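Notes follow once the structure below has been shown.
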Amino acid sequence: MSLQMVSTVSNSSLLQPGFSLLNFDGHVFFFGQKGWPKRSCPTGVFLLDIKQNELKMKPAFFSKDSCYLPPLRYPALCTLRSDASADEYQYIIHGGKTPNNDLSEKVYFMSLLNKTGKKMTFQCIEKDLSGDVPEARYGHTISVVHSRGKSMSVLFGGRSYTPLAQRTTENWNSVVDCLPSVFLIDFEFGCSTSYVFPELQDGLSFHVSIARDDTVYILGGHSLQNNTRSPNLYKLKIDLPLGSPAVTCTILPGGISVSSAIVTQISDTEFVLVGGYHSDNQKRLACNTIVLEDSKIEIAESLSPEWTPDIKHCRTWFGCDMGKGSVLLGIPGANKQIIPDANYFYILRCKGAEEDKEEPVTQICSQTSSEDPGDSTPFEDSEEFCFSAEANTFDADDADTYNEDDEEDESETGYWITCCASCNIDINTWVPFYSTELNKPAMILCSGGAGHWVHAQCMDLSETMLLRLSEANVKYFCNKHVDLNKGLQTPQKVMCLKKPPMKPLRKKKAMKLSTSAKKSFLRRLFE
């Protein structure tokens, strides 16, 4: 193993605990900044360009037909292939925290659409589920299993907010363990089924899951209810016959009591476990190798890298798997007493570059070593990790931050649309036009035909008219259906008529009196 410090040239404050890394064709992309995206990168996805131990972040782009993907911290994330031997894959993203600390229950599929040099364009699609839909959560894992030519996803663990019926003023924002149910999800048909096993008694979060073929291994994790880190090693075996799936759970010996560890794959059957916590105040500096062969798992302690004094003495750390046997580790900048709102990063390479092989198909999913005191104790979001998430300026203009309106059903409005022939709303270039806009363009429903959504900006609506249409219950017709001539139509620009100014009235001249006349007038007045 080798440990190398990297210097961050730009936007290092975006890399905060809870981020995720995605590996497409050997390129590593960052997702999950703590604040809302800036105008310079509205997608919130960045290419991590590392050269000569310098880390630069470059904005990535989404296709025009992509849905909006909010920055999510601590989501469950894994790759999905059509079959175990397929080369092409896409990422599944479920749950996580928004910058408003709201929890997401949505599922996103992110895939590489095209690549031109270093410019990559992604497509993001939201998936709907039916049946036993997992509640909104974070700190959980999702894995993909393959059996009898079929594929399904396995979701487990995580934390959520206290149910509304149980909330009081004192515990309104408190988090609890999700029920220890195992969800088997078929994304092809959009259905989800939950399973309960007697072996799984306590809810777990920030654990590690490794999937190979039809088996998922669950290692470690933290239980809020008991404030313990599970020493158990669970084995979930999924059989997918023509009928109903068969799922079994077994407790195996040889587990590790750890939370927020990171797993990276170094060969087809070998993995390295690094990072995490033994307890709330004790980091885990030891490393382990995990070998999966013939439906068996072997865990052994391995040689650890030579940690730097800064890493040894810091109270917390975080990071994520970069793929191909490399891990990105970060420590808070406050430990070095230089820049309190910046972090310092290291790349841990668990194998040499000469050992790189083709990307293996084994699934790993670990809630990264991002656990701060708020991730292991009831007090959420400790001040120790409340750093500024403001990005440094890119080449483009860097101005107002976006915000997400979680209450609106984005799947129905589909605001990244082409509403008319002259529509130029682009997910990669759009900036707020009205003061009421936050993270998406303002839209109005046209009543023409079956009804369709149009962008207020494309219809040349003034902000006053937009507010009026938003408040009033009236019919609106876009420029295409304006010939219906009923209800409230798109206001047309009216030329102001120039009126000639009125001539001012002439004042009457005052009558002048002679001196003799004045004397005669005064004499008569006093007689």
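Just so it is clear, glycine is given a Cβ too, placed from its N, Cα and C backbone atoms.
If you look up TrEMBL, you'll see C419, C423, H455, C458 marked as Zn(2+) 1 binding site. The Cβ of C419 (Zn(2+) 1 binding site) has 22 neighbouring Cβ atoms from other residues within 10 Å, across all protein chains displayed.
Counting Cβ atoms from all protein chains shown, H481 (Zn(2+) 2 binding site) has 17 others lying within 10 Å of its own Cβ. According to TrEMBL, the Zn(2+) 2 binding site annotation covers C446, H452, C478, H481.
According to TrEMBL, the feature domain 'Recombination activating protein 2 PHD' maps to 414-491. Note on the domain 'Recombination activating protein 2 PHD' (414-491): its mean pLDDT in the predicted model is 75.
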Please work out which residue of C423, C446, C458, C478 has the most C-beta neighbours within 10 angstroms of its C-beta, and give that one of the binding-site residues. C446
Minimal Cβ count within 10 Å, across the binding-site residues H452, H455, points to H452
Determine, for the Zn(2+) 1 site, the additional residues of the same chain whose CB lies within 8 Å of the mean position of the CB atoms of C419, C423, H455, C458; present them in sequence order. I417, T418, C420, S422, N424, I425, P441, V454, Q457, M459
What's the CA to CA span in angstrom from H455 (Zn(2+) 1 binding site) over to C446 (Zn(2+) 2 binding site)? 10
For C458 (Zn(2+) 1 binding site), the spatially nearest of the binding-site residues C446, H452, C478, H481, using Cα atoms, is C478
